[in-house]
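Per TrEMBL, the features are as follows:
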DOMAIN    A:3-181  domain 'Electron transfer flavoprotein alpha/beta-subunit N-terminal'
BINDING   A:Arg201, A:226-227, A:240-244, A:257-264, A:Asn278  FAD binding site
Amino acid sequence: MAVLLIAEVSGGTLAVDATAKALTAAKAMGDVTVLCASAGCGGAAEAAAKLDGVSKVLCADDAAYGHDLAEPLADLVVGMAGDYSHIVAPATATAKNVMPRIAALLDAMVISDVTAVVDADTFERPIYAGNAIQTVKSADATKVLTVRTATFDAAGEGGSASVESIAAAANSGISEWVEDKVAASDRPELTSAGIVVSGGRGVGSEDDFKMIETLADKLGAAVGASRAAVDSGYAPNDWQVGQTGKVVAPELYVAVGISGAIQHLAGMKDSKVIVAINKDEEAPIFQVADYGLVADLFDAVPELLEKL
Amino acid sequence: MKVLVPVKRVIDYNVKVRVKADGSGVDLANVKMSMNPFDEIAVEAAIRLKEAGQVDEIVVVSVGVAKAQETLRTALAMGADRAILVEATDDVHTDIEPLAVAKVLKALVEEEQPGLVICGKQAIDNDMNATGQMLSALLGWSQATFASELAIEGESATVTREVDGGLQTIKVKMPAVVTVDLRLNEPRYASLPNIMKAKKKPLDTKTPSDLGVDVTPRLSVVTTTEPAARAAGVKVGSVDELVLKLKDEAGVI
Ligand SMILES: Cc1cc2nc3c(=O)[nH]c(=O)nc-3n(C[C@H](O)[C@H](O)[C@H](O)COP(=O)(O)OP(=O)(O)OC[C@H]3O[C@@H](n4cnc5c(N)ncnc54)[C@H](O)[C@@H]3O)c2cc1C
Ligand SMILES: Nc1ncnc2c1ncn2[C@@H]1O[C@H](COP(=O)(O)O)[C@@H](O)[C@H]1O
């Protein structure tokens, strides 16, 4: 079996954690070739070549791939798909955008958010916000799938694969990039952080959300949020954890002023240790919390900041 | 311009889903069904474009069981003009796959000639997040997924997308497929008079074979199981106790 793993490359840099986790899943399907497609992705390709278990790295360095537009990347991958039995990517926003497009062009059904590889044709994936796990067997000639990174350990380094440049495919030019609004941050990235501190509607305002951020910084943590906190404008969209946001599984997840709706639990219930701070002792978040503190967050968080 | 909005009937998002003991699927008996929440946002987006004079007809489509008519009536009551039900299966336990839905939608797009298709980002039952992208691929159209802002200007649409690092704005050539995210708008409720009026709006029924589409699934479901449950936790009495537990018992800080 020959597997093509589409590396997550952002701004020309390899997203090592996401790619290395998807690599672990890909290795269970066969021999792995990594594709880095971006503008100025030579460095990313070199980094991918060092990952343990990569046979070869293909580098498509072209402006067309610089902003993760789905159409040109799908055309590139479809053009080379004949050599592979599986096309795999970590389930990032970029891959969720492009992989179904690739699958449809290959007349295959995409398999989203794979959490376990049973064999080369059979995969587990969560449905209904993780309330059920389905095992599915694919009858397609080429399997196209995305991998939920939170459930796989990252492959290590120590590889020394060859890097080969490949030509860009024709670009239909039907979509163009206008701008990115991406906030730079020194905090760990949400999906790879060891600790995540999340705030919900209970935090009450954008100003008070600073308290959640301070707590996160004290713990060296990433900041997350519930949908309600994002919708209310306390936190940016890319902090949303849940069924339709990011899925995280850190060593420690601290939920502050979050009720624990199933859509939120879907994104964090596989965390190792869960702490909940909520003034309502009936809040469903306590059903998944290892340590629950029934308290007003405006008392508990300042006290916690002091005592850590 | 005509807009096509695909809407799916799913288990209501408030229902606690239960897996059947024999591993054959989830229990759908006597469970409240609703329109997929993202599709309400898609219908609302289409209505707002119509109110702004940029769209003159909204056609809603559902692929599924006969009862999906209720979902279509809801969309008509919100403000869609016309509905098409593609009756695909009477066994709701075999969910119709996004690839098959995309093929059905492609055939309808060829009949109806809309200038824009607005889908939800994700159906909250199968959590696939695929149909819009697949339809766009089959049509050879541009795609703009996970939209939190949408503006149509003549031959193109400018769409702001929710991505992992924040927001991205792209410009796509029309015709296009857009999939909508949670923050694009807040869908309206249908008023009682509009619910009454919706009963008289046209609703056509077709089958996949009328459209020449083979909907045989590519993925066979081997089994459906409950996720592993978490062991019960404890309540701590104070912040001091919490800090102590995290340091000594869990060893995570
Ligand atoms: C299609 C769809 C997709 C969704 N996707 C997601 C998703 O990806 N992620 C997500 O999070 N949600 C998602 N949701 C929303 C989800 O259903 C809930 O509405 C949301 O998670 C609630 O957020 P919350 O817990 O912050 O707010 P609430 O449910 O309002 O809870 C606030 C909590 O704060 C507590 N509180 C209030 N004041 C204080 C105080 N002073 N001290 C301590 N505690 C306090 C309250 O007791 C309460 O438990 C989705 C919903 C739909 C329909
Ligand atoms: N059976 C269906 N009938 C109508 N629309 C659908 C159907 N399945 C999916 N869709 C549309 O495609 C979107 C994404 O669904 P999915 O790819 O299944 O996550 C939904 O929000 C709907 O807009």
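Numbering starts at 1 and runs along the chain as displayed.
Cβ coordinates are placed from backbone N, Cα and C, and glycine is handled just like the others.
Unlike curated records, TrEMBL annotations are generated automatically.
Feature annotations (TrEMBL) mapped to structure.
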residue: A:Arg201; record: FAD binding site; DSSP (3 states): helix
residue: A:Gln240; record: FAD binding site; DSSP (3 states): strand
residue: A:Ile258; record: FAD binding site; DSSP (3 states): coil
residue: A:His264; record: FAD binding site; DSSP (3 states): helix
Binding-site residues in contact range of chain B, given that the Cβ distance is under 8 Å, out of A:Gln243, A:Ala261, A:His264: A:Gln243
Number of other Cβ atoms within 10 Å of the Cβ of A:Gln243 (FAD binding site) across all protein chains: 23
Binding-site residues compared (A:Ile258, A:Ala261) - highest count of Cβ atoms within 10 Å: A:Ile258
Distant-in-sequence Cβ neighbours of A:Arg201 (FAD binding site), under 8 Å, six or more positions away: A:Ser226, A:Ala228, A:Ala229, A:Ser232, A:Gly257, A:Ile258, A:Ser259
Count of other CB atoms lying within 10 Å of the CB belonging to A:His264 (FAD binding site): 28
Spatial neighbours of A:Gln240 (FAD binding site) that are distant in sequence (at least 6 apart) but have CB under 8 A: A:Gly224, A:Ala225, A:Ser226, A:Arg227, A:Val230, A:Lys246, A:Gly267
Confidence summary (mean pLDDT) of the domain 'Electron transfer flavoprotein alpha/beta-subunit N-terminal' (A:3-181): 97
